[in-house]
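Okay, so here's the structure we're looking at.
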């Protein structure tokens, strides 16, 4: 496979940062479509496992799903089978990231350009490979723990609060992504972006409040009196914590895990590293949950296991593409773009299980769609302005 594979860094294709911005935006929209499709498939399979298959082992499923991210590394090798070239690109992109995050660690060295005649000297920023790998392993482990906390918070909250409350609270992570982006990423406070965030949040709330089933979700082992005000408030607080953590995860990944020059190879490898650390370390809570009686361990039957494998495969596609979208654009764009999965799931449910589309679903979906168009328009204007200034 040639080195100009589309799954490699744009550096290898000869596209510089300025001329590649249009490509980044187009690529991000295409990958976002894959992301939405994968999420819809994952959601439908998750509902099948929880209801028809009656397998309620949330952390076990979560651990399998996140451990399965490991497969992204061998998949990436299929597009770049040369190990030395693969590692060279990964280390070079990691070097850019480390120099961006920790400029004090950079070391200037002189590199003789042998492709041109003469003794042209080009200044590069570099850090030792050991430091690069140590940094990447540390943040991969941190992201593995953080995204597991985000995922499990949903399963805990569903035991206490109503599905309407849970959906409304958990899916406003775009608001928190914007809140964290201002101090951590230096995101400007623009009226169009503020309106987009609040419009998408309103759309989620409208759709959630329109749900006719006010009962809490399935039991995950808790002994709270579901439906009581105290239990619902507890569930709402846990869901709010999950939404805050997810918004924080998106922003921290952009700041500490996304290099200045977007690289799909790097993003896929980071996804794989998160899967490796999940597989090696995050099994520890399983026996703890079993012996405390919170979640008794049991293996699924073969048919349920097959559904789980299909679900986690869709989850890999979703999370890998989602991290790529963050790397190519911004956490706000990615978060609001993912909200398009909500009306998409509603439409799929209407087609597959013949559920009716209520007025709240239609109005909420329009709010989310308008917010995404508004944010996309603002992002395009910002890119044009930035391109002209360069």
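Just so it is clear, glycine is given a Cβ too, placed from its N, Cα and C backbone atoms.
In TrEMBL this protein carries:
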TRANSMEM  23-41  transmembrane segment
TRANSMEM  61-79  transmembrane segment
TRANSMEM  135-155  transmembrane segment
TRANSMEM  167-185  transmembrane segment
TRANSMEM  230-252  transmembrane segment
TRANSMEM  264-284  transmembrane segment
TRANSMEM  304-325  transmembrane segment
TRANSMEM  332-353  transmembrane segment
TRANSMEM  359-377  transmembrane segment
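The listed stretches are 61-79, 135-155, 230-252, 264-284; of these, 230-252 has the most Cβ pairs under 8 Å to the transmembrane segment (167-185). Among residues of the same chain six or more beyond the transmembrane segment (264-284), those with a C-beta under 8 A of the stretch's C-beta atoms are 6-9, 63, 66-73, 75-76, 79-80, 86, 89-90, 93-94, 97, 136-137, 140-141, 143-145, 147-148, 257-258, 316, 319-320, 323-324, 327. Sequence-distant contacts of the transmembrane segment (359-377), counting only residues of its own chain at least 6 positions beyond either end whose CB sits under 8 Å from a CB of the stretch, comprise 192-193, 195-197, 199-200, 202-210, 332-333, 336-337, 339-340, 342-343, 346. Remark: the transmembrane segment (23-41) makes no contact with the transmembrane segment (230-252), by the rule of 3 or more CB pairs under 8 A. Contact counts against the transmembrane segment (332-353), taken as Cβ pairs under 8 Å, peak for 230-252 among the stretches 61-79, 135-155, 230-252. With a cut-off of 8 Å between Cβ atoms, the residues of this chain six or more beyond the transmembrane segment (61-79) that come close are 1, 5, 7-8, 49, 55, 86, 144, 147-148, 151-152, 155, 265, 268-269, 271-276, 278-279, 282-283, 286, 308, 311-313, 315-316, 319-320.
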